[in-house]
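Asker: Take a look at the following structure, please.
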């Protein structure tokens, strides 16, 4: 019965996103966002984490506030188009409020304060949905309303900075992934400054790497750095794959995560050089705490815990996770070969 209701709400979740991004009217877009919101909240229900109810309420309040601002803004635009002589300047202000409501829905800085706290109360699969699928509709709508380039550049700067510095002192892997998502969100928004196709490529690659990493963490029920340091001393291969996926998420060459950043660097280097330099510097900070995790977990050896039984139970038939790991680690080399041929 549990799987049935999850399947129903997942279906309406996907349907809400599709309605939102394919709608030709503002109200249709708003309705799609609301269907998406009301479908995601029941999926947060779980017995494993006592903070699930708190996360559900916080998520509902934040999303309801963002939806209210979004609806108010589009109604004001409709009302003032033919009534006020300076409707253009008012519309620009309303566009800023629409963009702000969408950024609040996604958890972009400086509207990010709810995002790490809510993710801390979720299981890994819900974290994956919130960091990937739940960003599709707001980002597509944002691409239609990005007329304020200075405001968007400010959001990109703040998101990359908060995502980098915020993850430095965290011991919870869910919060590290949350701040990493904020940092990647800044890069994804910057892709809209030039080409939407780059955003699609970036989002697909980010989703693949996040799916791989979260599948591994979920398989071994790992939520904190200490658990990862103690992970499988006699099965170093799985730990090694996990850490390589972390580096791929950070955008370290020659892993797949470097490819979308490379493409954005190529496009931004013509018109937004100062912004690009700042984004690269902030990403180096993100890469620093990934490298610190990697170095510490490979060097530290603990003999008092034996995780062989977890390995036997969790990874015996998990060939899909290993395949995704291979894709996220080595696909940059394959993509480079394909680009050279075609």
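In case you wondered, yes, glycine gets a Cβ from its N, Cα and C as well.
What TrEMBL says about a protein is an automatic prediction, not a curated fact.
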Asker: Identify the transmembrane segment range according to TrEMBL, selecting from 148-169, 170-191.
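Answerer: My reading of TrEMBL: the transmembrane segment range is 148-169.
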Asker: Between the transmembrane segment (236-259) and the stretches 7-27, 57-78, 199-224, 271-291, work out which stretch tops the count of Cβ pairs under 8 Å.
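Answerer: Top-ranked stretch among 7-27, 57-78, 199-224, 271-291: 199-224.
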Asker: Apart from its near flanks, which chain residues at least 6 from the ends of the transmembrane segment (148-169) lie with a Cβ under 8 angstroms of it?
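Answerer: 92, 95-96, 99, 103, 108-110, 112, 116, 175-176, 179-187, 189-190, 192-193, 272, 275, 278-279, 282-283, 285-286, 288-289.
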Asker: Sequence-remote contacts (6 or more beyond its ends) of the transmembrane segment (57-78), Cβ cut-off under 8 Å?
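Answerer: For the transmembrane segment (57-78), the list is 26-27, 30, 33-34, 37, 40-41, 44, 90-91, 94-95, 97-98, 100-102, 104-105, 114, 117-118.
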